[in-house]
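Below: one structure, written as structure tokens.
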Amino acid sequence: MSLQWLQQTRHELSWTWILLTTCIALTSPLVLKGIYNVYFHPLRNIPGPKLAALTDFYAFYWNWIRDEGYSKQFSRLHEQYNSPIIRIGPNNVHTTQVEFYDVIFKSGSKWLKDKSFYKYFNGLDAMIEPYQYRTYRTHLAPLYAQRAIDGLAPKLRSDLTNSASGMMRQTENGQTVNMAKVLRTLSTSMILHNLFSLDISLNDGDEYHPFLEAFEQLMTQSWLFVTYPMVPMVLSLIPGTSFARFNSSYTTFSNYCTAWNDEDMRKQRESEGQSTRDSHTRRYLSLKDDDARKKTAIPYPLDDVFNFVAGGSDTTAYTTACAFYHILSSPTVRENLVVELDEHSSIIRDEFDYNKIQNLPYLNAVIKETLRISVPVPGSLPRIVPQGGITIGSFSLPAGTGVSITQQAISFNEKIFPLPHSFLPERWIGPKSVGLDKWNIAFSRGPRQCIGTTLAYLELRCVIAYFFSRFDMALTGNCGDQLRWVDRFVAVNLDDVEVQILADRWT
């Protein structure tokens, strides 16, 4: 045995020990944390999958790797564990006790957003502290007040007319109409109108706008981006991968937003106080320099564009597409709706009077039922248990626990909505509907209710009224007997709703 061999062996062993020690040092905290989460955590006795108790990666597995949505598993898990409360993460639970919804989302609620869930969000969605949120919401509120939304009806009418012309051109060419894209174009144009004081048109031609193509691509990676944001950024550097396409889409989306923002800012400054159309950019520029606290609370408009496009257009377009599907899938619903629209055709075709359209009872029932059954924001939006803790059933939850009750848990509760998987607008009409509006919660409730609720209702009512008053349509495409969807923070249909225009009833 030579001295050289001993020295070489000692050198190899030293590197082995270094690597082993490094691995132990890196993994030990994770292992110890996992053991604590499963066996010693205050939530250890709450039923649920052990993997969910072990790590938040379990939710990521369902949300992104399986691309189905963790929230779609909750109903199965509640049934499997025979419990109204289940553990869905190391520090998160989900409950189906509907009375608990009032506790979390009532006015003046002290249940704050879960920082760990929203840490990679920006703008309005990321605001945890009530003061900052109230300041920003108050700053934007006039843009989304009923009076301001009523004033958007002429723009929406113009956009609908342009869309209808495009739909007729496609029909004349023997094509079907992809309503998902038509509706996304309409809803995005409306929210951009509020974001910028510019006349931005996404509907000049029959081609789908590149801005919308880019946005759709970004939404396919939404869970990855809000969970592990550095991963897509690094992987996007690899040529030829889907992440490279993601990077290209992000660049396209960002370039459009930056160009619109810069042009709007320039025009606003050049106007030197002259009256310009109200918008996010105008309101930001109107902030006074001496109000430092307010300026700190209100983000730069460009930082919040994605949130408003996703929350203000994608959810509305998705819901409206679902409405088209359910109306056209049910001859009785379609007939009842068209009869009502025909009886009031003048307020749609001639006057386009939103104040009258919004009072059509069956139209409103169809919209409420669509919001219920489609659940545009289906996932958990966790809130933190305040000081003092709380008891749900037989389980005590300490302060700091993340608690969710999804809209699905409400919308498909058989005690509130008999036959919950059936599309029944009539449930919202007449004596049997008394008290049901309390559970019309698609836009949430309380201080964090969606700021764009009034805009969404304008679009839903007017778009459905216009198209079903004007066109006879039939479903085509691959939707089949039911709509297949996934949870990408907002719900997304896997198959676009497509229709064939049978007749233009206004010609």
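Every residue, even glycine, has its Cβ placed from backbone N, Cα and C.
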Of 15-35, 225-245, the range Swiss-Prot labels transmembrane segment
15-35
What's the CA to CA span in angstrom from ASN247 (N-linked glycosylation site) over to CYS450 (heme binding site)?
29
Who sits close to CYS450 (heme binding site): which same-chain residues at least 6 apart have their Cβ under 8 Å from its Cβ?
GLY311, PHE443, SER444, ALA456
